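Listed in Swiss-Prot:
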type	residues	note
DOMAIN	16-129	domain 'Response regulatory'
MOD_RES	D65	4-aspartylphosphate
DNA_BIND	85-103	DNA-binding region
DNA_BIND	144-245	DNA-binding region
Amino acid sequence: MIKNRCLDIDLETKEKVLIVDDEASIRKILETRLSMIGYFVVTASDGEEALNLFHQEMPDVVILDIMMPKLDGYGVCQEIRKDSDVPIIMLTALGDVADRITGLELGADDYVVKPFSPKELEARIRAVLRRTNKAAFSSHLTTSGIINFNFLTIDLNKRQIYKDNERIRLTGMEFSLLELLISRSGQPFSRADILQEVWGYTPERHVDTRVVDVHISRLRAKLETDPSNPDLILTARGTGYLFQRITDQHVLKT
């Protein structure tokens, strides 16, 4: 475990990044760069050490390599997602798009393909932390921020969801995606719009739009009664996705 120490800055106020990679050179480069721009950094060289450090340090974001000894990144991601919605960005040298999508399906929020620019990774970290830490979404429909469906309660102010009175855990990115769809319920968002609004990707980045499809699939699996025949998050053919129109009967008045 490696930590940066800076006497002039209270470490408790700094956002903490856990870097997990079996390549010492990558760990060192990222630790140095992220420390210089104000993050508190901890590092792990394999999956088992990563899980131990995760529970000890409670990081604000995890940078996670896929190919590692003892326990690979997929396994680490699965274990973290059992009890945490911390943002996870996966590092992958795997060229197959299917491999990257696997990470997203297991709960990762984003991915960066090796070799990558450290500046790009820094931008991705800022983006996921900004979305995680941003002020609660304010619905134009209700001051309570609570929307009720037959089996689902969405509390936008507390960023909590209950399905049949049972709390459903969403990652920060999943909730941001849901917020976006709800913000214009009944109106479709294109995949490109979603990539730009939620992930901060501009059209010239040429990002695989299946990133959106994977996250929509995960949301449906968690929220819908029948994910294969969704009632809430609908597909707009040839366009993208929309949340079903929210009416006054769905809104809890204050």
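First residue shown is number 1, and so on along the chain.
Cβ atoms here come from the backbone N, Cα and C positions, even for glycine.
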What mean pLDDT score does the domain 'Response regulatory' (16-129) have in the model?
90
Can you tell me how the residues of the domain 'Response regulatory' (16-129) break down into helix, strand and coil by DSSP?
54 helix, 24 strand, 36 coil
Can you tell me how the residues of the DNA-binding region (144-245) break down into helix, strand and coil by DSSP?
38 helix, 24 strand, 40 coil
